[in-house]
Amino acid sequence: MELKERNFKKIGLICVAVLLCGMVFSYGIFPSILRFMIKQNVLLKPGTQIRDMFEKIPFPLDFKLHIFNVTNPDEIMRGGKPRVNDIGPLYFEEWKEKYDTVDNVEEDTLTFTLRNTWIFRPDLSALTGEEIVTIPHPLIMGVLLMVQRDREAMMPLVKKGVNILFDPLESAFLKVRIMDLLFDGIYVDCSSQDFAAKALCSGMDSEGAVMPHNETHYKFSFFGMRNHTEAGRWVVYRGVKNIRDLGRVVSYNEETEMDIWDGDECNQYIGTDSTIFPPFLTAQDRLWAWSPEICRSLGAHYVHKSKYAGLPMSYFELDFGDLKNEPHNHCFCRDAPDDCPPKGTMDLSPCLGGPIIGSKPHFYGADPKLVEAVDGLAPNKAAHDVYIHFELASICWFTGSPVSAAKRLQFSMELGPIRDHELFGQLPDVILPMFWAEEGASLNKTWTNQLKYQLFLGLKFNATVKWLTIIIGTVGAVGSAYMYFRKETKTTDVAPVDVSTPDTNPSSAKDGVVNVSLGRNLPPVIDGLDKPPKLRATELQQERY
């Protein structure tokens, strides 16, 4: 009996030790090892895999363009409601390359020049690029609307310049071949010696709206000037000294902050360049990225858990918000709070130099009035929302980038009448979509398998160890404790006692008395317990007298 109790005690102690060791390994040792391995893999130090992938992504991003073809331009010129048709997409491969890199060990920064290259893939496109579309004229209307809004005193000079450069001036809309609009370029004749024409050409050149073609002509396109050319000089943190700073933008073109918006807070570089993010983020953190195309940072917020390629992920979405009701963002307004862009949109005119409004495609998530003002729009979450799939434990520790993402942005013109202009005086006040772009990537099996085998199998192993030790340790400890403290209870049968009649020999009853607690018969006579004998009636009578 003593030996069994000692064995139960040993087993219980062993189970408690297993439980404690499992908890220490699962919640202490393994996370520390994993964190150390992640840090070593995501730092932007020379010679690491992540550095090589950061400098040149080994696969192209998906870049898709949709054009909003205006189907009733003449009606709009008379003040009618616009009607558009979303056509596309045109599919391009987008290659990002960072070159001329310089490491600063003391500052823990990496300096590089970014170059974007787009390659058209007609085999993956719904259009050939040869189609003719109609859109608001980006140069004519862009110049007139901006000058009327910000420099009205110059309107007579600008009107004269527009009449010369775009003679004959017949419409506020441009009919153009799609590929000319996007990349090949539209010719602008600046050969006139008239002062107004030369001043207008000089202004468009200085603003970067057009690109010189020869001594007398310029070209305008949405992306041609940026294709396979320098996209700025960047400085970002490498994350060696502080892993939370990994990829964070320090400066752009030697400027540590912008000088675009009316407020210091809006002019800050917040986040990364969107190709890498720091690890160890939580659901409470936003995924911030700064984009020079829109001169501001945007932060995606956590929505719910998700799956990608069978792997558990976290789903993030981007919301443009409502600037009018966000005091900390009033510096993005022209004159807050009365003159802010509608809900779900951004005023990009300070950044792009034209009356351009940014939003999600088809004004998804924006003020419903914007959709109602234009026929042909059909907002759809699956096709038009901005999303990112992340693995929050490490943010894809082998690449430091999202496993699947789609960044979608629509560019619209803030159209309106030109005062005292016989041709453009009846244009409606409307935000008219021109085109929208989708930039995204989804990792294939080659990359998701790396994530699966290098990270998730380790996490599964840790989870298995944790739960096995918890179950075995807890059950074993409780069971051993129960067996150790359990005492055997033995029960003896109690014999029935005969009740004697007065005529029965008293000794016979006494012989049957049982000591229940000791399990042994008591002696037949116990001093002090025998009853006195009964007196006969004659003896009782004599005793009285």
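Cβ atoms are placed via backbone N, Cα and C, with glycine included.
Swiss-Prot lists 1-10 (among others) with the feature topological domain 'Cytoplasmic'.
Sequence annotations record features per position, and here Swiss-Prot assigns transmembrane segment to 11-31 (among others) based on sequence analysis.
Positions annotated as topological domain 'Extracellular' by Swiss-Prot: 32-464.
Feature annotation from Swiss-Prot assigns N-linked glycosylation site to Asn69 (among others); the stated evidence is sequence analysis. Taken residue by residue with DSSP, Asn69 (N-linked glycosylation site) is part of a strand.
Classification of Asn214 (N-linked glycosylation site) by DSSP places it in coil, neither helical nor stranded. Here Swiss-Prot flags Asn214 (among others) as N-linked glycosylation site.
Taken from Swiss-Prot, the feature N-linked glycosylation site applies to Asn227 (among others). When secondary structure is read from DSSP and collapsed to three states, Asn227 (N-linked glycosylation site) falls in the coil class. Counted within 10 Å of its Cβ, the other Cβ atoms near Asn227 (N-linked glycosylation site) come to 16, all protein chains included.
The local packing around Cys331 (disulfide bond), expressed as other Cβ atoms within 10 Å of its Cβ over all shown chains, amounts to 16. Classification of Cys331 (disulfide bond) by DSSP places it within a helix. Residues or ranges marked as disulfide bond by Swiss-Prot: Cys266-Cys331 (among others).
The disulfide bond annotation in Swiss-Prot covers Cys295-Cys351 (among others). Cβ-based neighbour count (10 Å, all protein chains) for Cys295 (disulfide bond) stands at 20. When secondary structure is read from DSSP and collapsed to three states, Cys295 (disulfide bond) falls in the coil class.
The disulfide bond annotation in Swiss-Prot covers Cys333-Cys340 (among others) and rests on similarity to another entry. Look at Cys340 (disulfide bond): DSSP puts it in coil.
Here Swiss-Prot flags Asn444 (among others) as N-linked glycosylation site. Asn444 (N-linked glycosylation site) carries neither a helix nor a strand DSSP state and counts as coil.
Residues or ranges marked as N-linked glycosylation site by Swiss-Prot on the basis of sequence analysis: Asn462 (among others).
Residues annotated as transmembrane segment in Swiss-Prot, with sequence analysis given as evidence: 465-485 (among others).
If you look up Swiss-Prot, you'll see 486-545 (among others) marked as topological domain 'Cytoplasmic', on the strength of sequence analysis.
A C-beta separation below 8 Å, combined with a sequence spacing of at least six in one chain, links Asn444 (N-linked glycosylation site) to Phe59. Annotation note: Cys266 (disulfide bond) sits in a helical segment as assigned by DSSP. Within the set of glycosylation sites (Asn69, Asn214), the lowest number of other Cβ atoms found within 10 Å of a Cβ is recorded at Asn214. Remark: Cys340 (disulfide bond) has Leu323, Lys324, His330, Phe332, Cys333, Arg334, Asp347 as non-local neighbours, by Cβ distance under 8 Å and separation of at least 6 in sequence. Comparing Asn214 (N-linked glycosylation site) with Asn227 (N-linked glycosylation site), their Cα atoms are 19 Å apart once rounded. Of the recorded residues, Cys351 (disulfide bond) and Asn69 (N-linked glycosylation site) place their C-alpha atoms 25 Å from one another.
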